[in-house]
Each structure stands twice: as structure tokens, then as C-alpha cells.
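Features as listed in Swiss-Prot:
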type: REGION; residues: 1-203; note: region 'Precorrin-2 dehydrogenase /sirohydrochlorin ferrochelatase'
type: BINDING; residues: Glu22, Val23, Gln43, Ser44; note: NAD(+) binding site
type: MOD_RES; residues: Ser128; note: phosphoserine
type: REGION; residues: 219-476; note: region 'Uroporphyrinogen-III C-methyltransferase'
type: BINDING; residues: Pro228, Gly304, Gly305, Asp306, Ile309, Thr334, Ala335, Met386, Gly415; note: S-adenosyl-L-methionine binding site
type: ACT_SITE; residues: Asp251; note: active site, proton acceptor
type: ACT_SITE; residues: Lys273; note: active site, proton donor
Amino acid sequence: MDYLPIFADLKQRPVLVVGGGEVAARKVDLLLRAGAEIRIVAQSLSPILEQLSQQGQIHWLGQAFAAEQLDEVFLVIAATDDSALNAEVFSEADKRRVLANVVDDQPRCSFIFPSIIDRSPLVVAVSSSGQAPVLARMLREKLEALLPASLGQMAEVAGRWRGQVKQRLNAIGERRRFWEKTFGGRFATLVANGQTAEAQRQLEQDLEQFAQGSEGTQGEIALVGAGPGDVGLLTLRGLQVMQQADVVLYDHLVSDEILDLVRRDAERICVGKRAGAHSVIQEETNRLLVELAQQGKRVVRLKGGDPFIFGRGGEELQVAAAAGIPFQVVPGVTAAAGATAYAGIPLTHRDHAQSVTFITGHCRPDGDGLDWADLARARQTLAIYMGTMKAADISQRLIAHGRAATTPVAVISRGTRADQLVQTGTLQQLEQLAQQAPLPALLVIGEVVELHHQIAWFGHQPQAEGVSRPAVVNLA
């Protein structure tokens, strides 16, 4: 270990900063957040530092560094572009046993700054001992994605309850088990969702049960949108919830790459729906959700796209609510937004479409109830989910209600994935395009489809209108 990682209390402690530029300003910002009393020496101050000086947040000692300025300071930072001055600062600090940091000059550092993930009061520091700062920064960025912003508030609440928990639970091991269950249970979810008062009540209830010898954990359901396929489109919140799951119920549309991000010891159950017997399968999914949550498990219902857009997520949460099970929803990038963006087809455009309508081709048995005359209006975009089997009926109805047979259309298969296929043509060719489209596929109808030939950017791109490569088929 080249450096001992410690956390220093700088509140109201004098710290000297030599330098007045942007680098010095960044260090000053960090020191202010730690509550330090900042003294600064510089020929001139950057606008930010000058403002801080005028506000009395820092004390500008003068333009020239003098060794006696180090007397009684806790540490010093040299952040100038004068290497000789930086060396002098370090030398004088070393003589006085004052901790010193010369920016970007590791040999002249008795301490170094780590990369910081700030979830105050929870703080994570990452360091490569100055050997690979870019690597440390990259690791910090990965940790930033994994650590919810609510951790700080969670730690604050826990800090306020430490005394009461210690009074109620005498044994150290007992307290440890309590906090492990608390931080991994309903309390954490409530804090993350901004329900602080409810979180306090939950913690009080959990403590009472624990003190009475009942360590039962309340189960919950998280409805999570996995996005259209590309793992990079999964939200940070979705990733965090998935990595806390005990059980994951997922659909066929969820990619293997996204499933690989689920907590490794979580149980995975595929509840994907195929054509036929949908009500029975959905009822079984509803039963599993309730049953598993009632066992005290954190259940993630992982759905492709967004769970509230043609995903029957609302129906599943109605069942959870009726059973009295807590739940939360994590939205996802819906297929119509993701697939069209990756195909270079804007859903709206000032010159072509002032509105967009999402439709499902998989309707209830008693009919679709759609206003086809309204859907046939020009200058709008239709995005149709699960519509390949009804493509012929869709095109016939739209044409019959006045939409031009030459209206541009696209069928996007496996949108946002590496093997994405985009087929384009006209409304009268929609059935032919849909018949040869791999599933899952999205139908897009409207003049905006023409822009695909100009701004397609992902995967194989069309060379010109009427000319195609393997991943782009044009029947127009």
C-alpha cells in the first residue's frame, strides 16, 4: 500500500492554497465542501475565486508566497504553473511537517487526492496511488452508476436512529443483522423514492418487529422497463433495482445482455407470452408476483421497452395493490422511441409530422375500438407495436379511410440490437414487408420514414434511396 486512505476532518481548520487559477478553484471547491478555512496566495484570482473572496468564503492573503504562511495550517496545496514556486512550497511544508500536495507532481506530494463518489455522509474514494489517474476516474464513473443518489439520505436517517437501535438491540451481531435487512429492504426503496416520512415509519416498524424476535422481511415488487434491446439503454435506476432483486420475472423480449446484469444469485423465471392462451399465462404471472412478494422477496418484473406502454404493467400492479404489496415502477425506453432513433427515423419533424400515435396491433378479442379515420390523417406518424400479423388489415383500413397508398412505411426488426433490420417501402407494401420481418418488429407509418435514407447511423446504412445493404431492405 503506497498511501494510507484516511478521511480528514477539515471543518474550521486552516488550509493554504497557493495559486489562483482554474485548478486552484477546483481544489478550493472541494475544500469548501469539507468545511475548511481557506487561505489563498496568488498573483491574481480567477473570477470564481474572486467572487468567493468577496463573499468572505476564502481569505486572500496576498500575491507572494512566504514560508511563514505555512505556520499553523493543517495542509497546503500548490496549484501554480511555476514549478520553482511549487517546489519551494513543498520544501517549506516538509520542513514544518505540514501535509502538502503539488498538483500533477506526485514526488512533491505527502498526500494525494482520490477520485471521489460523494453520497454524503457516505463517501467513496478511489485511488491508483497516482500511477493511473484515468483508470481511477473510469472506475469512479462505474461506481457512480451503481451507487444510488439516495444512499446519502439513507445514511443520514440511519445515523439518527443508531442510538435507538443500540438501546433496543444489545448484541452487536443482532444490530448488524438488523441494519443489513434494513438497507436491503423496503426502507431503502422508500428513501430512494423520496418518501422519507414513510421510510422513518418503516424503520420504526422494522425495529419493533426485530426487537420482538421477528425478523420477517416485507416483500415488494418493482416493475422495471428493460428498454428495446441495447443494454446501454437500460436506465441506471433499472440497473440498481435489478441488482437488489431476489427473483426476476422476465419476458422473452429482454435481451441476454440485460439479464446478465441481474444479481448473480437471484432466481430468474421466464414468463414471456406467446400467441394464444394469453389470459391464462398472464394470470399465472400475476399469481407468481403476489406469491413471491408475500414470501418476503424483492421481486423484479422485467419487461422489454417501457412497462406502461403495451406491457400490461398496469394490470399487474393492480393485482399487487389489491394484495396489499408495496411496489414501484422504473420506466424504460419504449421500442417506438429506441428503434426509430436507431433507424434514423424521427417520430416527429417540423416538415413532416406534428404528432405521433402509439398503437398496438394485439387488441382485445372484442375489437380494437380505433378511430381509423383519425389515424389516416396526413402529417402524423403511427408507431404500431405487435402489428406484423395484422399488417394487411392495418394497411387496408388506413388506405380505405384516406391515407395515401404511397405513404412511406418502415418495419424495424430487433431494433437497437446489433442485428437490427430496417425494411422500408410504401403503405400498400406493408403486408409484404411484415411477412419477411424477423420478430420482434415495429411498424412505422408516415412521411418521416423518408428521413431514414438521410440520417440512418446505426449498423448497416442505406447507400441511397432505392439501394440497400443486407440490414436495410427498401421496396419503394
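Quick reminder: no glycine exception, Cβ is built from N, Cα and C everywhere.
Taking every pair among Pro228, Gly304, Gly305, Asp306, Ile309, Thr334, Ala335, Met386, Gly415, the residues listed as contacting S-adenosyl-L-methionine, the largest Cα to Cα separation comes to 16 Å.
Rounded to the nearest whole angstrom, the C-alpha distance between Pro228 (S-adenosyl-L-methionine binding site) and Asp251 (active site, proton acceptor) is 12. DSSP assigns Ile309 (S-adenosyl-L-methionine binding site) to coil, not to a helix or a strand. In the three-state DSSP scheme, Ala335 (S-adenosyl-L-methionine binding site) falls into the helix class. Highest Cβ count within 10 Å among the recorded positions Gln43, Ser44, Ser128: Ser128.
In this structure, the binding-site residues under consideration are Val23, Ala335, and the one with the smallest number of other Cβ atoms within 10 Å of its Cβ is Val23. Other residues of the same chain near the NAD(+) site, with their Cβ within 8 Å of the Cβ centroid of Glu22, Val23, Gln43, Ser44, are Gly19, Gly20, Gly21, Ala24, Ala25, Ala42, Leu45, Ser46, Leu49, Ala79, Thr80.
Around Ile309 (S-adenosyl-L-methionine binding site), the same-chain residues six or more apart in sequence whose CB sits under 8 Å from its CB are Thr334, Ala336, Phe358, Tyr385, listed in sequence order.
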